[in-house]
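These notes concern the structure reproduced below.
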Amino acid sequence: MVGMTRIQSAEPVWILFVLTLYSSVLMQVKPQLWSVGIERKKLFGETNTSVHCDEIRGLSRNQRSLCRTYNDHMYYVESGSKQGVEECQWQFRGQRWNCSLASNASPDKIIAVGSKETAFTYAITSGGVVQSIARACKSGNLMACGCSKRERPTGLGKDWNWGGCGDDIDYAYGFAHEFIDAQERDNSSPNDRRVKSHKAMNIHNNEAGRLSVVRASHTTCKCHGVSGSCSIKTCWLQTPQFRTIGDKLRQRYDDALEMRVTHRGQMKTRFSSDRNPSNIDLVYIDSSPDYCKVNHKLGILGTSGRECQLDSLAMDGCGLMCCGRGYTTKMVEVVKSCNCKFQWCCFVKCQQCKEKVLKHICN
């Protein structure tokens with residue numbers, strides 16, 4: 001594969017394939033979230049090491065070819081996608097849009113609107129794949145890559161060894177760039193301004209997600225020696241905890257820039273007073289739809305049935321979350337850990353206790 005060893009500028013995307021993968025991933029998380037209807041056993045072989053590339057909806061011709069050539073990578077594409085969705089759900093857990101899609105919605109519905117939510121979806125899943133592939137390389141699970149080949153950082157102390165097995169972030173970035181962007185290269189529609197607008201937006205946000213992982217990667221060091229001494233000091237490159245990536249992208253979601261696309265396919269800020277976006281900013285071209293009500297056309301679930309916080313003035317409060325429809329208070333029984341005790345050695349053992357609590361549910 002060409003171009004997997006250096007950082008390049010962004011080019012096209014993949015979201016239909018990712019959303020297809022979600023159908024198996026998210027049936028394990030919550031049945032109503034992002035379900036597309038393809039069974040896991042049809043996507044992966046019995047051992048989770050073989051992917052049936054011809055069974056996957058949404059792949060372009062080049063993506064299908066890459067899927068066959070790099071078949072062992074696809075399991076980690078799914079794992080990264082799953083990680084991205086779970087982080088998306090956590091980041092938006094108290095919002096009207098909580099990274100959910102109606103179970104009967106097709107995967108292209110979430111991308112029918114070029115909103116801030118679509119921007120975040122592209123970025124977080126793209127970043128998830130980069131981290132998943134980078135760590136799979138380090139673990140020796142992929143034949144095409146291994147430990148990071150990054151050069152020794154200039155600021156590293158002379159008595160520290162550079163050579164521990166680090167996450168192969170450069171290969172992971174290159175593979176994600178090549179695979180994710182293949183769909184846009186295959187399905188170009190230069191005369192359709194709407195398609196060009198979405199393509200330019202998605203290209204940018206995918207790169208923002210990838211670069212979020214690349215730029216947050218850091219040097220990690222460890223001491224080795226007899227009886228706790230630090231006679232040997234070893235350092236390596238490590239990708240960050242994914243929550244760090246989620247937090248960064250959530251902030252960029254809040255600060256996302258509204259764009260317009262010129263007849264030449266170039267993105268420009270919609271308002272002249274706005275700054276030009278950097279390659280790590282999120283951008284969008286459409287206003288967000290109404291997430292208060294069910295919208296089958298766009299696969300929006302609405303907020304009816306969502307739990308709200310009675311005393312909160314934020315979006316998770318009953319006043320905002322329920323969109324003025326009011327709420328119902330119910331006494332429900334929950335199971336919580338209790339009577340926890342430290343056991344030698346070394347874990348905490350808890351009992352499971354039932355407790356009745358009040359919950360407020362949007363009408």
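Every residue, even glycine, has its Cβ placed from backbone N, Cα and C.
The record in Swiss-Prot lists a disulphide bond between Cys340 and one of Cys323, Cys350, Cys353, namely Cys350. Cys235 is paired in Swiss-Prot with Cys221, the candidate among Cys221, Cys223, Cys292 named as its disulfide partner. When Asn98, Asn187 are compared in Swiss-Prot, the N-linked glycosylation site annotation sits on Asn98. The disulfide entry in Swiss-Prot for Cys338 points, among Cys323, Cys346, Cys353, to Cys353.
In Swiss-Prot, Cys323 is paired through a disulphide bond with Cys292, chosen from Cys292, Cys346, Cys362.
Looking up Cys322 in Swiss-Prot gives a disulphide bond whose other cysteine, out of Cys223, Cys230, Cys362, is Cys362.
Cα of Cys88 (disulfide bond) to Cα of Asn98 (N-linked glycosylation site): a span of 8 Å. Using a 10 Å Cα-Cα cut-off around Cys292 (disulfide bond), the recorded positions Asn98, Cys145, Cys318, Cys322, Cys340 reduce to Cys322. Note: the CA-CA distance between Cys345 (disulfide bond) and Cys338 (disulfide bond) rounds to 20 Å.
In sequence order, the disulfide-bonded residues near Cys362 (disulfide bond) (Cα within 10 Å of its Cα) amount to none of Cys145, Cys340, Cys353.
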